[in-house]
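Noted in TrEMBL for the protein shown:
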DOMAIN    25-179  domain 'Glycosyltransferase RgtA/B/C/D-like'
DOMAIN    456-539  domain 'Putative mannosyltransferase YkcA/B-like C-terminal'
TRANSMEM  40-64  transmembrane segment
TRANSMEM  76-94  transmembrane segment
TRANSMEM  144-162  transmembrane segment
TRANSMEM  169-190  transmembrane segment
TRANSMEM  256-276  transmembrane segment
TRANSMEM  288-307  transmembrane segment
TRANSMEM  313-330  transmembrane segment
TRANSMEM  342-363  transmembrane segment
TRANSMEM  369-389  transmembrane segment
TRANSMEM  398-416  transmembrane segment
Amino acid sequence: AQAGSVNWEALLFGSLDPRNFITVDKPPVSQWVMGLSGQLFGFSSASMLVPEALMAVGSVWLLYGAVRRIGGRWAGLLAGAGLALTPVAALMFRFNNPDAVMVLLMTAAAYCTVRALERHGVRWMALAGVALGFAFLAKMLEGLLVLPAIVATYWLAAPVSWRARAAHSAAALGAFLVSAGWYVLLTLAWPASSRPYLAGSTDNNFMNLVLGYNGVARVLGRHSETSFGSMGIQGGSVGSWGGQSQGLARLFHGEFGFEIGWLLPGALLATVLVLVERGRAPRTDRVRAGAVLFGGWLLVDGLVLSFMHGTAHAYYCLSVAPAVAAMFALGVRRMWECRGTWFGRVGLTALLAGTAGWGWWLLHRNPHWLPVIRWGIVVLAVAGLAFWIRKPVIARGALVLALCAALLGPAAYAVATVANAHQGGGPLVGPHRSAKDTGMWGRDADTPALEALLSASAAPWSAAIERSSSAAGLELATHTALMAIGGFSGTDPVPTLKQFQDDVARHQIGYYLVEKAPGHGPSLNTRAHGDITQWVAAHFPAQLIGSMTVYDLSGR
């Protein structure tokens, strides 16, 4: 975002540095938003994060609009509230990460699909395709996890002939290919030597990035280790670098449970209840279409997150949060409408009591944090159930109490999340815990002496250092360009030793930095690009500044 705020080419490609050596390891849509904000208002934390907060407002509004058209106004309000109070949403919509804009675009695609079921199907389906195209450019294949549900919903419930459905789907596909494909073609047509290297790819090709460790390989588990070894934390509660082991239970426990699990059982039950209740409805029934759309999104996205074998940050579950909130709201609404039947009464009781009980259990896993909230859930749930059973005339009051019981747990965790500052690559939700939100190694802030040295450098790149995470902090502190050798993980094949030697000979790089990694040997610069470190150490003088060994490449 900082690079894009001062250099248009860096903005276009999502470069890590304003000299355009290498990109971040994601497509650039998120950087476009934050970089443009920086160009308009000056680069700052506010210019980065205010757009993220506005994306939260947009996502809630779009979800409200979609669910309102299916289940009515209060169902839409409940869905919007459910999304806003989901802890992972409270975390990631105030964090500089591509997930926020990706989820906004996925929600926009779902909203357009609902509008397409009403009228002007071709126009709204084309807009859904555009939204999905830019979601792909935000975070690649993860942005398309809503696609199967959209296709199934429109083919099942669109009030037009099958020929028209096929034509509308073709229009959506064309819109997707244009909105996503132009950037892919741009990276192919632009000479590779005059644009930044596409980090995360092995051959500087965008589709290699999509199919490599940040795409299909992330799901299948190939190349899930960086040059530093596995970053996963198997079976632990932190889950910020890897999460829990794969399986159907992943989203219900550990850090995933705290981030997305609160309404998840209720949303799954609601999907079944609504599909059963609307089983004999006409093909174009809007409520059943909503269950197919949001329930399908929930199932596809949830299963991918549950069984992906590569690195799985817990915050990835933000992608399923709108579907969870929407299905929970639709289920409560439909069971309330059917409360005159045994099916509706049993379904509504199971939804609300089960969700409240599950929230109590999740809070029980953190027993020392505000136990009064757990007992507040119990009081509200029991009171709501008592009114529901004994005084049906005030059933609305019982419903309100039960909904408060269901939402109290995630609301408390969302408030605790907002109350804490977050940084680094693995932010966590909820109250402060011993696991800190840090970067890859949790390195302390750079020393003033090092920052002053780099700030005074007149070279195009003030320094070179292995890995983007190490370069980024120094760039922010010094407002200079740093060459991030090897990209995010340090394993990207740039620069080669020959390229680096040529840059040094042309005085393009001021210093070479080698940082020590506690518990990981003498330095981080010993794996994929160890030949560069060896050459520098053999030819240039060094000094120790803080935790950094600093080599002066100027030849002085």
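Glycine is no exception: its Cβ is also placed from the backbone N, Cα and C atoms.
Curation plays no part in TrEMBL annotations; they are all automatic predictions.
Counting residues 6+ beyond its ends, the transmembrane segment (76-94) has Cβ neighbours under 8 Å at 49, 52-53, 55-56, 59-61, 63-69, 100, 103, 258-260, 262-263, 314-315, 317-318, 321-322, 324-326, 328-330, 332-333, 403, 407, 410-411, 413-415, 417-418, 422, 427-430 in the same chain. With a threshold of 8 Å between CB atoms, the same-chain residues lying at least 6 positions outside the transmembrane segment (256-276) that come near it are 82, 86-88, 91, 239, 243-244, 250, 287-288, 290-292, 294-295, 298-299, 302, 305, 314-315, 317-318, 320-321, 323-325, 327-328, 330-332, 334-335, 343, 347, 350-352, 354-355, 358-359, 362, 365-366, 406, 409-410, 413, 428-430. Residues 349, 352-353, 356-357, 359-360, 363, 395, 397-402, 404-405, 408-409, 412, 416, 430-431 of the same chain lie 6 or more positions beyond the ends of the transmembrane segment (369-389) yet place their CB under 8 Å from a CB of it. Outside the transmembrane segment (342-363) by six or more residues, the chain places 257-258, 261-263, 265-266, 269-270, 273, 276-277, 328, 331-332, 334-336, 369, 371, 373-374, 377-378, 380-381, 384-385, 388, 399, 402-403, 405-406, 408-410, 412 with a CB less than 8 A from a CB of the stretch. Across the range of the domain 'Putative mannosyltransferase YkcA/B-like C-terminal' (456-539), the DSSP-based residue counts are 30 helix, 17 strand, 37 coil. Summarising model confidence by region, the domain 'Putative mannosyltransferase YkcA/B-like C-terminal' (456-539) averages a pLDDT of 88.
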